[in-house]
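Listed in TrEMBL for this protein:
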- Asp149: active site, proton donor/acceptor (ACT_SITE)
- Asn11, Glu385: Mg(2+) binding site (BINDING)
- Lys18, His209, Leu210, Gly211, Asn212, Gly213, Asp283, Phe284, Arg285, Gly331, Val332, Gly333, Glu334, Asn335: ATP binding site (BINDING)
- Arg92: substrate binding site (BINDING)
- His181: site 'Transition state stabilizer' (SITE)
- Arg242: site 'Transition state stabilizer' (SITE)
Amino acid sequence: MSAQGAVLVLNAGSSSLKYQLVHPDSGEVVADGIAERIGDRASSITHEQDGRTETDEVSLPDHRAAIERALEFFRAHGTELADAGLAAVGHRVVHGGRSFYEPTVITPEVIAEIERISPLAPLHNPANLVGISAARELLPDVPSVAVFDTAFFHGLPDAAATYAIDRAVAEEHALRRYGFHGTSHDYVSGQVARFLDCPIGEINQIVLHLGNGASASAIAGGAPIDTSMGMTPLEGLVMGTRSGDIDPGLVLHLHRAAGLSVDEIDTLLNKQSGLRGLCGENDFRTITEQIEAGDADARRAYDVYIHRLRRYVGAYLVELGRVDAIAFTAGVGENAASVRADALAGLEHYGIVVDPDRNAVRSREARRISPDDTEVAVLVVPTNEELAIARQSSAVVG
Ligand code: ADP
């Protein structure tokens, strides 16, 4: 498959790099890959193209090395990306702060501004910037575009975006609710409208993005009116390793009474909490097996996860007033039938019903799991953040 007009989508994490070469119009994927444990001696890169999957256990000291190795894989498949006529390199950038709310062609000024807002996302934006610099160096003639995870939620109503803290402090430090996973919520809500064959402006929906990170959003006529993640991706739902909502007083107590440093609390809440904190495991497949084997910790982790999810569904039902669709997406949402059933159990009074047979079907297609005649369409809609980034990147470079 030719790479002419395709977009190379890059998602650079602190020690990983995911990439995909995809045609924005057709959605055809030419190749994808992932480099893991970058900076570690035991790093590896896996590349999939032309029906073949190749893994290379090789030292990748930095993101530049990972992109270089990916370019070699492409070369071995007969594609020299530097002169293949790519439309763009599309970068996922986690935090756009108050500066960025549209896909943005990357210039030195844009890089400087992403750097300036990095304190808002210290774990993410610096890694994204490393990926941007490396790609610009290795593919200098291809335009680079930044697509921000926060962008979709830029227009959140003031009441939903504002923390009830001293205004002067909030202003000075840009403290507000930004929301994340925006590319996915945007894409999935659009797919919901397509599936229902209804203009997006006419439907109210709740999107539940349940992956390792997890977030919920309430979308009225295509515009988000609330979302569960806040100033950082730590707020909201129980996640694989993040706590989601906690009493902020707990943080103060951990510092004052338990003597934990700010960095230790950061690690505790982001990496050692959520499902992993509750039962030692963050993969839902394993947790499900453990529950079946009678593991009480796994059971409690599941119950806490579902309890929080239902709390958000309830809040968004009230905020939206009328709900036409509820969509489940991402790794857990697309695959874990029990989560979908338990999240919406007992809501028949609200017109929300999950049909057990439909819910049990496994498929990679968008599908309805509620009966045809209920008020609220409950859907499973696979997300595709790479395609959404590719489309936005290609649109902005014309
Ligand atoms: P992210 O992009 O946030 O890393 P994903 O959307 O890929 O996450 O979701 C990853 C999670 O999805 C895994 O940690 C696992 O818990 C869950 N998952 C994946 N496949 C299944 C499955 N078949 N059944 C239940 N859960 C699954």
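Yeah, the Cβs are placed from backbone N, Cα and C, and that goes for glycine too.
When other Cβ atoms within 10 Å of the Cβ of His181 (site 'Transition state stabilizer') are tallied across all protein chains shown, the result is 29. Secondary structure at Asp283 (ATP binding site), as computed by DSSP, is coil. Taking the Cα of Glu334 (ATP binding site) as the reference point, the closest of the recorded positions Asn11, Arg92, Arg242, Glu385 is Glu385. Non-local contacts of Leu210 (ATP binding site) by the CB criterion (under 8 A, 6+ apart in sequence, same chain) comprise Leu237, Leu309, Phe328, Thr329, Ala330, Gly331, Val332, Gly333, Ala336, Val339. Using a 10 Å radius centred on the Cβ of Arg285 (ATP binding site) and all shown protein chains, the other Cβ atoms total 12. Comparing Cα positions, Asp149 (active site, proton donor/acceptor) lies closest to His181 out of the recorded positions His181, Asn212, Arg242, Asp283, Arg285. Comparing Cα positions, Arg92 (substrate binding site) lies closest to Asn11 out of the recorded positions Asn11, Lys18, His181, Arg285, Glu385.
When the record's ATP-binding residues Lys18, His209, Leu210, Gly211, Asn212, Gly213, Asp283, Phe284, Arg285, Gly331, Val332, Gly333, Glu334, Asn335 are compared pairwise by CA position, the greatest distance found is 22 Å. The Cβ of Lys18 (ATP binding site) lies under 8 Å from the Cβ of Leu10, Asn11, Asp32, Gly33, Ile34, each of these being in the same chain and 6 or more residues away along the sequence. In this view, the residue listed as 'substrate binding site' is surrounded by 22 other Cβ atoms within 10 Å of its Cβ, with every protein chain counted. For ligand 1, no neighbouring recorded positions occur among Lys18, Arg92, Leu210, Arg242, Glu334, by Cβ distance under 6 Å. Annotation note: Glu385 (Mg(2+) binding site) sits in a helical segment as assigned by DSSP. The DSSP secondary structure for Lys18 (ATP binding site) is strand.
According to its DSSP assignment, His181 (site 'Transition state stabilizer') is coil.
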